[in-house]
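Worksheet: one structure, shown below.
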Ligand SMILES: Nc1ncnc2c1ncn2[C@@H]1O[C@H](COP(=O)(O)OP(=O)(O)O)[C@@H](O)[C@H]1O
Ligand SMILES: CC(=O)N[C@@H](CCC(=O)OP(=O)(O)O)C(=O)O
């Protein structure tokens with residue numbers, strides 16, 4: 001599917017007749033993960049940035065965690081370095097790590113900060129390494145039941161959200177790169193979906209929004225593109241073992257988030273202009289919504 005025709009949508013349009021939502025979300029934190037495959041089109045950068053600023057103007061506290069997998073791979077290709085993934089994670093040698101750091105914090109993060117700041121002095125970029133925001137340990141990986149060495153890939157073990165909170169208190173929009181300091185002092189490459197989920201939990205966020213390059217979680221991918229609209233944590237847990245690489249960390253991140261206090265996690269098609277506003281406002285988000293097993297009364301509770 002190509003990128004649909006751009007349509008100007010504002011929070012006000014999406015809020016028409018929907019004011020209880022706005023009240024409920026006032027002052028609440030929303031973590032938005034902008035993924036590499038959904039961010040290759042520059043016009044989507046612009047509408048993404050507009051949406052994030054609209055959320056801010058509507059009284060929410062948006063935090064962006066960005067990916068950049070395709071951009072890292074393109075740079076590795078240019079440098080004649082190997083691009084290899086195992087179990088959905090990039091095999092990260094020390095040389096690869098230099099490129100990951102350079103592309104994520106030096107290029108992708110800067111572009112997003114610039115796009116948001118076209119609207120005012122909102123965005124401040126930081127890396128998960130900064131002020132011990134994200135701490136990781138080396139992540140083990142298995143392929144066909146055998147352990148494989150994927151190098152400097154981290155699993156986040158703790159998040160110190162104080163710096164991000166301080167920025168939010170100052171009225172800024174933090175833009176965070178998924179890189180962590182290791183407990184062993186190394187620097188680790190972290191999957192951006194899992195980084196967004198860990199930060200959403202640490203911030204006590206109301207929502208986690210994952211933008212990707214498909215309409216949501218397909219029930220029987222690659223055979224069908226029927227989107228699963230809503231899942232409870234337990235239902236998702238049951239599906240995880242059958243998910244293929246790209247969706248696995250995303251859905252694992254959604255599961256961890258809703259099991260640790262985030263009220264809803266959404267997986268949305270980031271190729272649709274203004275996907276963020278469409279996902280956050282209104283009573284029915286497009287894409288896939290994951291909810292905790294017990295949902296507060298009045299939210300169409302399941303289980
Ligand atoms: N069940 C599924 N439903 C939808 N997409 C799936 C599924 N399983 C695997 N995928 C793949 O996952 C991809 C999204 O993951 P990924 O490429 O890592 O996205 P991003 O760059 O947005 O993080 C889709 O483009 C699709 O190819
Ligand atoms: C360990 C690992 O795989 N890290 C990812 C980090 C970027 C990322 O997750 O970007 P997307 O969201 O665009 O895929 C990588 O090196 O590609």
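The backbone N, Cα and C atoms fix where each Cβ goes, and this holds for glycine too.
Features as listed in TrEMBL:
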DOMAIN    29-269  domain 'Aspartate/glutamate/uridylate kinase'
SITE      33  site 'Transition state stabilizer'
BINDING   68, 69, 90, 189  substrate binding site
SITE      250  site 'Transition state stabilizer'
Rounded Cα-Cα span from residue 250 (site 'Transition state stabilizer') to residue 90 (substrate binding site), Å:
15
Between residue 68 (substrate binding site) and residue 250 (site 'Transition state stabilizer'), what C-alpha distance do you get in Å?
14
Distance check, please: Cα of residue 250 (site 'Transition state stabilizer') against Cα of residue 189 (substrate binding site), rounded to an integer number of angstrom.
16
Counting all other Cβ atoms within 10 Å across every protein chain shown, which of the binding-site residues 68, 69 scores highest?
68
Check each residue in the chain of residue 33 (site 'Transition state stabilizer') that is at least six apart in sequence and keep those whose C-beta is under 8 Å from its C-beta; list them in sequence order.
64, 65, 66, 67, 192, 193, 196, 208, 209, 210, 211, 253
Test of understanding: give the count of other CB atoms lying within 10 angstroms of the CB of residue 189 (substrate binding site).
26
To which of the recorded positions 90, 250 does the lowest count of other Cβ atoms within 10 Å belong?
90
Pop the mean pLDDT for the domain 'Aspartate/glutamate/uridylate kinase' (29-269) in here, whole number is fine.
94
Scan 33, 90, 250 for recorded positions whose C-beta lands under 6 Å from an atom of ligand 2 and note them, or write none.
90
